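Pulled from Swiss-Prot, these are the features on record:
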type     : residues : note
TRANSMEM : 15-35    : transmembrane segment
TRANSMEM : 58-78    : transmembrane segment
TRANSMEM : 104-124  : transmembrane segment
TRANSMEM : 142-162  : transmembrane segment
TRANSMEM : 173-193  : transmembrane segment
TRANSMEM : 208-228  : transmembrane segment
TRANSMEM : 252-272  : transmembrane segment
TRANSMEM : 290-310  : transmembrane segment
TRANSMEM : 342-362  : transmembrane segment
TRANSMEM : 368-388  : transmembrane segment
TRANSMEM : 399-419  : transmembrane segment
TRANSMEM : 424-444  : transmembrane segment
Amino acid sequence: MSQLSAPGAENTRRLLAMALGSVGVVYGDIGTSPLYAFREALRPVSHDGVTDVEIVGLISLMIWALTIIVTIKYVLFLLRADNQGEGGTLSLLALLMKTANGHTAILFFMGIAGAALFIGDAMITPALSVLSAVEGLKLVTPALSDYVVPIAVVILLFLFAVQSKGTAAVSKFFGPITLVWFLVMGAVGFMHIADDLSIFRAFNPYYAVAFLFNEGYVGIVVLGAVFLTVTGAEALYADLGHFGRRPIQWAWFTVVFPALTLNYLGQGAFVLKNPEAMSDPFFLMFPKWALLPAVILATAATIIASQAVITGAFSLTRQAIHLGFLPRMAIFHTSETHTGQIYLPNVNTLLMFGVMALVFIFGSSESLATAYGISVTGAMVVTTVLAFEFLRMRWNWPAWWAAGVLLPLFALELVFLGANMLKIHDGGYVPILIAATFIVIMWTWKRGTAILHTKTRHIDIPLERFIKSIERQSEHAPVSVPGTAIFLTSDPESTPAALLHNIKHNHVLHQQNFILTIRTANTPKVPREERVSARRLSERFTLMEVRFGFMETQNVSQALGLFRKSGLKFDIMSTSFYLGRRKLVPDAQSGMPHWQDRLFIALANAAIDPSDYFRLPTNRVVELGSHVII
């Protein structure tokens, strides 16, 4: 009997371990919302005093926002809409692009808009969450008020400084620390529910709807703050591949949702009894002796939440690079065992300067909270639209049935988006500017590479025609030299520019010549047996193809070993890799505005060398340059 139950016990332990890990990574962001969400929701209605019904209505809005948007949309539905186990906007986009018929451009812009909004979120979340936690020091002693921003800056600078070292050593503590945070939140909320048991009326959605109807315009403004309760919900979907659906769902229903609900109920009951606590209900719920430990624990929780968002930005950027939305960047692995732990120095630096700018410009979590909701609501609307396409294309639902399921969610999210748009003049323009910048960058790169490909195709020589001409015996034939040459190309049907330049300038042709194309699949990973393929074109020329998933490291040197196992004979350390380096020159007839030409060329010049990106042996790489008018 014990032998039969052993696998079940092992599976249970694994589920619990994964669920604990997801508490630290997936739910870190949404778990810090109680620090400021209820406080910010109270501000628009607190000028003339807040009635008991208004407080109950606010808490009801928060609980039902968590129920409808997070529980129903993300936890129960979207976690099933995966791309071979991976979630997130770009993963969903990659899946849909495979079967899109005639409206790929719309899907592309929706996808990059969602990705760009997430980058804005990745800048605002660390600044807002760390500031909101450190501000608790003002309640410990007012003498520390002037030190809130400097302390937050030091914490954030340290967080970005350690990214290059990796988080493998400390990440095992993220889950337990965040679990303690949720337990403490739930406990302190539960203790204060007894302050006014009428807060249980918040479970009745009537009070949420009545609040909106009675408050009118102010109610719409309040919705922008209420939405802060669900910020971080996108992380559930984006981190699907790291933990899996069941652990994320299990953690939500057993720990996170109950703790958040208890805390918001407790804050509501506490303010019902103590109206003067509206200035900071979360920290004021703690007794004086527990305030400093609560601030320290909150700071630790916000650091973990910030780390999760930064890691998410790294992962999303890698996906965008592999899908051809961004130029190649340096990607370093910070763990030998966890392939998902990566470090992108360019992205880290960009996020650091962005976060620092937000901290110094806004100076407080109250000011920064007004800028927060737009990026998150925008990303959620994008995800809902992509989910509609997923239901139609992948699950083969009729359009009317898919619309019937998602339209209520879409309408609700549009209401939240409209409420957040009212805050544009108070700082809401910041995430819009950040997102617009990255949309332009990704659109320019995608558009520029397409134009460049079209232009080079017109002047390229078909590969098979070239092989026939070069292998004819004539006095102009290049000198045959021993050894192997691998020529990288993005178009296997055309002759690589590096091969043409090698013959033109060096007048030599190697005994073995491999034309290598590197493909990125629309799936997260490519099975080992489908990684490589080869086709012999002639005695001296072979066409090779290496395929990677958009979540994989594109280590070409490692993949070439699979060719040798399949029978192709060559020694990688005696093989020369020939790469073409293009010097791009703008052209008035490029098809893009002049400013976009310049931006595309700047992006191309900033891209990391292919030899570094594809992990080629640097002492075996030969680069041959050419001018290309774009």
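Cβ atoms here come from the backbone N, Cα and C positions, even for glycine.
For the transmembrane segment (399-419), the neighbouring stretch richest in Cβ pairs under 8 Å, chosen from 15-35, 104-124, 208-228, 252-272, is 208-228. Listed by sequence, the residues of this chain that lie at least six past the ends of the transmembrane segment (15-35) yet keep a Cβ under 8 A from its Cβ atoms are 70, 125, 129, 132-133, 171, 174-179, 181-182, 185, 228-233, 235-236, 239, 242-244, 246-248, 250-252, 254-256, 259-260, 263-264, 267, 282, 298, 301-302, 304-309, 311, 365. Through the fold, the transmembrane segment (142-162) approaches residues 126-127, 130-131, 134-135, 299, 303, 306-307, 310, 348, 351-352, 355-356, 359-360, 363-364 of its own chain, all at least 6 residues removed from its boundaries and within a Cβ separation under 8 Å.
With respect to Cβ pairs under 8 Å, the transmembrane segment (368-388) is most closely packed against 104-124, considering the stretches 104-124, 173-193, 252-272, 342-362, 424-444. Under the criterion of 3 or more C-beta pairs below 8 Å, with sequence separation of 6 or more, the transmembrane segment (252-272) and the transmembrane segment (173-193) qualify as touching. Taking Cβ pairs closer than 8 Å, the transmembrane segment (208-228) reaches residues 33, 36-37, 40-41, 43-45, 53-54, 57-58, 60-62, 64-65, 202, 369-370, 372-373, 376-377, 415-416, 418-420, 422-423 in its own chain, all 6 or more past its ends.
If one looks beyond the transmembrane segment (424-444) by at least 6 residues along the same chain, the residues whose Cβ comes under 8 Å of a Cβ in the stretch are 109, 112-113, 115-117, 119-121, 123-124, 320, 325-326, 354, 358, 362, 367-368, 370-375, 378, 592, 596, 599-600, 603.
Sequence-distant contacts of the transmembrane segment (342-362) (same chain, six or more residues past either end, CB-CB distance under 8 Å): 122-124, 126-127, 131, 149, 152-153, 156-157, 160, 163-164, 166, 310, 313-315, 317-318, 329-334, 368, 371, 427, 430, 434. Non-local neighbours of the transmembrane segment (173-193) in the same chain are 20-25, 27-28, 31, 34, 167, 199-200, 255-256, 258-260, 262-267, 269-270, 285-286, 294, 297-298, 300-301, 304, 307-308; each lies 6+ residues outside the stretch with a CB under 8 Å from one of its CB atoms.
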